[in-house]
Amino acid sequence: MAPNLRKSHPLLKMVNNSLIDLPTPPNISAWWNFGSLLGICLATQILTGLLLAMHYTADTTLAFSSVAHTCRNVQYGWLIRNLHANGASFFFICIYLHIGRGLYYGSYLYKETWNTGILLLLTLMATAFVGYVLPWGQMSFWGATVITNLFSAIPYIGQTIVEWAWGGFSVDNPTLTRFFALHFLLPFMIAGLTLIHLTFLHESGSNNPLGIVSNCDKIPFHPYFSLKDILGFMLMLLPLTTLALFSPNLLGDPENFTPANPLVTPPHIKPEWYFLFAYAILRSIPNKLGGVLALAASVLILFLSPLLHKSKQRTMAFRPLSQLLFWILVANLLILTWVGSQPVEHPFIIIGQLASLTYFTILLILLPLTGALENKMLNY
């Protein structure tokens, strides 16, 4: 009998083992769809980004008008740009839900997979930041100025690092050209990290909602989960196209319709919605270095999740107290996101400070304590 090409060919064998014959827990819920959705987001962003890069000019005098030209004169240029800009939002929605799933179901106990995942998040954040600067509108320019300036809080070498990153003494043409280069490079780095992420995941196999070993009861990925993933794609691409076609500027900042002007500061400098929670944490500390450290800690704290897991059960499925804390954390992040979009004045300052304190308290203190308490209550 002729050998099955799918199982013998060196390249097809890899595809087969990760997408076709992959043994998968039969009970993984829709929360396990976000990994493949992130893959689709990445593919869409690289494709639309490539098409945009063909019409973009990375020069301070031409960047703004080249983007306008793309939207006005290029065939479907407006659609490509709207899909790319809103695709970024969906990328972040998916990655935040994916991380939330990981925290809820204890997926972080696959340490290598979890750590590469955090590296993916950091790379995605860097990509989105440099990408936001490219249209060279007011918020692009001032966002770049404010965020790069944070590095000057590093003692002794900070100012040198900032001027090195800028390629001069302010955000200018060299900054824009290198940001374009980085924005082109980083998505491919994300793609590479994704392969590493999947390699580590396939070492252990997927976790499942019960958090128990499922080796005795697995089903092939195709057709069951390939079909389920396609349903997920449909359910994500529908709101994405709806947003891109009906209200493409809903999530953007109106300031960015004004070309960058170093002499006029916008009244409220704020990042895109997906960075607002971290921005609120940054602003909640009235000291520059302290704020920068808190900002870094707000994301890097995820590296500690595997070390802070004190429960004998893996998931939160049967741990009501931990569940309560988890959903308080989610609500807290939504409050931080809202506060980040508000001006720095009376009620918002104290709300932001309390929400920031709560964020770190839940992750560092309350969740581990609750895990230990639940062990005791269940006589483990």
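Keep in mind that glycine also has a Cβ here, set from the backbone N, Cα and C atoms.
These come from Swiss-Prot:
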| type | residues | note |
| --- | --- | --- |
| TRANSMEM | 34-54 | transmembrane segment |
| TRANSMEM | 78-99 | transmembrane segment |
| BINDING | H84, H183 | heme b b562 binding site |
| BINDING | H98, H197 | heme b b566 binding site |
| TRANSMEM | 114-134 | transmembrane segment |
| TRANSMEM | 179-199 | transmembrane segment |
| BINDING | H202 | ubiquinone binding site |
| TRANSMEM | 227-247 | transmembrane segment |
| TRANSMEM | 289-309 | transmembrane segment |
| TRANSMEM | 321-341 | transmembrane segment |
| TRANSMEM | 348-368 | transmembrane segment |
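Non-local neighbourhood of H183 (heme b b562 binding site): G49, T127, V130, G131, L134, each in the same chain, at least six residues away, with C-beta under 8 Å from its C-beta.
Scored on C-beta pairs under 8 angstroms, the neighbour of the transmembrane segment (227-247) with the top count among 34-54, 78-99, 179-199, 321-341, 348-368 is 78-99. Of all the binding-site residues given, namely H84, H98, H197, H202, the one with the smallest number of surrounding CB atoms inside 10 A is H202. The distance from the Cα of H197 (heme b b566 binding site) to the Cα of H84 (heme b b562 binding site) comes to 24 Å.
Separating the Cα atoms of H202 (ubiquinone binding site) and H84 (heme b b562 binding site) is a whole-number distance of 30 Å.
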